[in-house]
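Participant: Structure incoming, see below.
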Amino acid sequence: MAGAIIENMSTRKLCIVGGILLVFQVIAFLVGGLIAPSPTTAVPYMSVKCIDVRKNHHKTKWLMPWGPNHCKKLKDFDEAVSRQIEANDIVFAVHIPLPSKEMSPWFQFMLFIMQLDIAFKMDNDLKENAEITLDVSLAYRDDMFNDWEEIAHAIEIRKLKCTFGSPKTVESEGRHYDCDFLPFMEIGSVAHKYYLINIRLPVNDRKGINVGIGEIKDIRLVGIHQNGGFTKVWFAMKTFLTPSILIIMVWYWRRITLMTRAPVLLEKVIFALGISMTFINIPVEWFSIGFDWTWMLLFGDIRQGIFYAMLLSFWIIFCGEHMMDQNERNRLSGYWKQVGPIAVGSFCLFIFDMCERGVQLKNPFYSIWTTEVGTELAMAFIIVAGICLCLYFLFLCFMVFQVFRNISGKQSSLPAMSKARRLHYEGLIFRFKFLMLITLACAAMTVIFFIVSQVTEGHWKWGDITIQVNSAFFTGIYGMWNLYVFALMFLYAPSHKNYGEDQSNGDLGVNSGEELQLTTTITHVDGPTEVYKLARKEAQE
């Protein structure tokens, strides 16, 4: 009778396979820790205050903070007051990148956050729940002498959250508020060499626009982009892993099609997991080097969402197929209670992502968190997704407990078997529990490395060796889940090995009732796997 490869593999061979996978896992971590640089770089930018006194200036002119055609600058707002320059005629200009540098498509994305330097003044105090209106424009060019081409223009509102640590008295005038960072802009590609941002703070006393926002001294931006060196390492990993998973997936499905039976649900789910992993691995990011594909961030989120939804579904079905009664097994509809929360949670996160990054495809300055309605909507989606995740893990923990209890109950039948048969089934139970523990270890490593990457400084230095912790986290966890899927398809592929005649019913030393308990699901020689049969509950229960 044929089972899965893991059921017919000796402990020695299983250890060899595990050792090989462990070596590749260590290599995945070392690639990120020793070869790749830090995943991202943060660059601070100080805006330059430019003067523009022309009418409709925001439609006709771009103001450069430096260079041969730089704007007329202001040192501070005291100079503007002395020269009788109005606030509507002041433009905050930021050139990206800094002088003598160029942006590159290898940077993949740009994320900007804004910090306002606001000074306290008795006659211009910052109101409670104040909002600032920004008239922002973004342009690009690929040569220092070309004209600027507009990418986007928008009028955005940001809510100021500031605190003042001193008493608001005359003596405290000039001291700055402590303000939170504001989301400013996100672009999903870096297809051009130079970018220019012009920011205006239009003032309209009658409409109450930019009134009661304090005395703004400066606008600072922090630009975050992916490091080109990390991008190259990441692309190389994807290019290497794609054929690896694709080959094992084709091999896995070919072994299933060679069987005389139809594929069971667990085999279909493992194959679907392999497809979702391949979907993540396909290095379509190579095209972003030559094309201005601003949707790559959204596309990457969708690919990851599909994989993780498939992975969570696999864990539920894997446990259920080793626990449920025969009449409920091998049907996807039997798992609607457990898979339902996964579908609802994934849908909520997808809608949230579309409301954020989907809108940013047209307006890179948009953020769903800048309005009360948007914030409440976003929090609603995240809370619903969190509730669904909690329900899922409750279901999963309960099912894992049931599986282990069920298998432990079946072990009572083992002493009545012949020694060879008993050792065989004990090996099956051990390998099943081993796979469950490996799954738990993978999930735990993902959480642990995520926490470590958040609380450390980004790198560890041992003598002359510098380990990039964040890069090791990304490459190591990405490699780990690829190895996990690879191991599943290899170990759970149907085995073409048959048990000898010495393991027939007569040699088991059990009566017909005990044999029914272990083999009642067998319909032909290519029937379900051994662990699958061993762990089922008896129909009489």
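Glycine too: its Cβ is placed from the backbone N, Cα and C atoms.
All TrEMBL annotations are machine predictions without curation.
As listed in TrEMBL for this protein:
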type	residues	note
DOMAIN	48-226	domain 'Wntless GOLD'
DOMAIN	227-496	domain 'Wntless-like transmembrane'
TRANSMEM	233-253	transmembrane segment
TRANSMEM	265-284	transmembrane segment
TRANSMEM	296-318	transmembrane segment
TRANSMEM	339-359	transmembrane segment
TRANSMEM	379-407	transmembrane segment
TRANSMEM	428-452	transmembrane segment
TRANSMEM	472-493	transmembrane segment
Participant: Mean pLDDT for the domain 'Wntless GOLD' (48-226), as a whole number?
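Facilitator: It averages 88.
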Participant: By Cβ distance under 8 Å, which residues at least 6 away from the ends of the transmembrane segment (265-284) in the same chain are close to it?
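Facilitator: The answer is 235, 238-239, 241-242, 245-246, 248-249, 252-253, 256, 299, 303-304, 306-307, 310-311, 313-314, 317-318, 321, 329-332, 481-482, 485, 488-489, 492, 494, 529, 532.
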Participant: Any contact between the transmembrane segment (233-253) and the transmembrane segment (472-493), i.e. 3 or more CB pairs below 8 Å with pairs at least 6 residues apart?
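Facilitator: Yes, the stretches contact each other.
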